[in-house]
Amino acid sequence: MTESNRPYRLAHTMDARHPRALFPASAPADARPAIGVLALQGDVREHSLSLEAAGARPVVVRRATDLGDAPGDRLDGLVIPGGESTTMSTLLVAFRMLEPLRELIGAGLPAYGSCAGMIMLADRVEGAEEGQPFLGGIDMTVRRNAFGRQVDSYEEDLVAPELGADKDLPLHAVFIRAPWVEDVGSDVEILATTRAGRAAGASGSDGGRIVAVRQGTLLATSFHPEVGGDHRVHDVFVSMVTRRA
Ligand code: GLN
């Protein structure tokens, strides 16, 4: 891809025609992609550590001005952590971030949503509150709280080659009041499904539930890869961001 037909440049790179480029700083600019972590609620620190381990520069995003005006302006990508999607919708509206985020995602800003973040990126949500706004972007139907409520959290070792997890080194997935994906459109890649059946009467998955998907620049998982220090999902997201830029 040439400079001129790139959709945007990595944040904090300098145009060679910029006057200051004649006097380059002695230390090279940080070449890592700047990836925001939406810090309204959830595992902000854990996602930041995973992003750093995956070679990105995590940036805390608390308000609309932290987002920048276009992809690559301040952020090369964005992580939307878990939490409670109803609260997150309310806070996004209250902080006037919902529309700017919709626009950035529509303009191609790569985003990764985990759990409630997955719900925010869904085009269709079952079990949403009346009038609850979402960001959308992934052509999928997500069912909120599908794995049960807080006391029903569920764990499984997932084999998901697209996420770098084979059967010798599966991905330990932690589901906390997690959604699953009921159906996806034809442009959505399914990256992981659950395998395990559940014991009669127990909560959890029946097996075969879609729990990780990707569509273009958007990635979503039902589970929380940031707990436990495994950064393979973040590796995948960081490579989506750097490929894009
Ligand atoms: N149940 C939450 C919701 O509907 C998601 C849970 C999570 O992010 N851990 O938003």
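Every residue gets a Cβ built from N, Cα and C, even glycine.
Residues annotated as active site, nucleophile in TrEMBL: Cys115. Every protein chain considered, the tally of other Cβ atoms within 10 Å of the Cβ of Cys115 (active site, nucleophile) stands at 27.
The active site, charge relay system annotation in TrEMBL covers His224 (among others). Around the Cβ of His224 (active site, charge relay system), a 10 Å sphere holds 23 further Cβ atoms from the protein chains shown.
Classification of Glu226 (active site, charge relay system) by DSSP places it in coil, neither helical nor stranded. Per TrEMBL, the feature active site, charge relay system maps to Glu226 (among others).
Here TrEMBL flags Gly83, Glu84, Ser85, Arg144, Ile176, Arg177 as L-glutamine binding site. A coil conformation is recorded for Ile176 (L-glutamine binding site) in the three-state DSSP classification, outside any helix or strand.
Cβ atoms within 8 Å of the centroid of the Cβ atoms of Gly83, Glu84, Ser85, Arg144, Ile176, Arg177 (the L-glutamine site) belong to the same-chain residues Gly82, Thr86, Cys115, Ala116, Ile119, Asn145, Ala178, Pro179, site residues excluded. With respect to Cβ neighbours within 10 Å, the recorded positions Glu84, Glu226 differ, and Glu84 shows the lowest count. Here the CA atom of His224 (active site, charge relay system) lies 11 Å from the CA atom of Arg177 (L-glutamine binding site).
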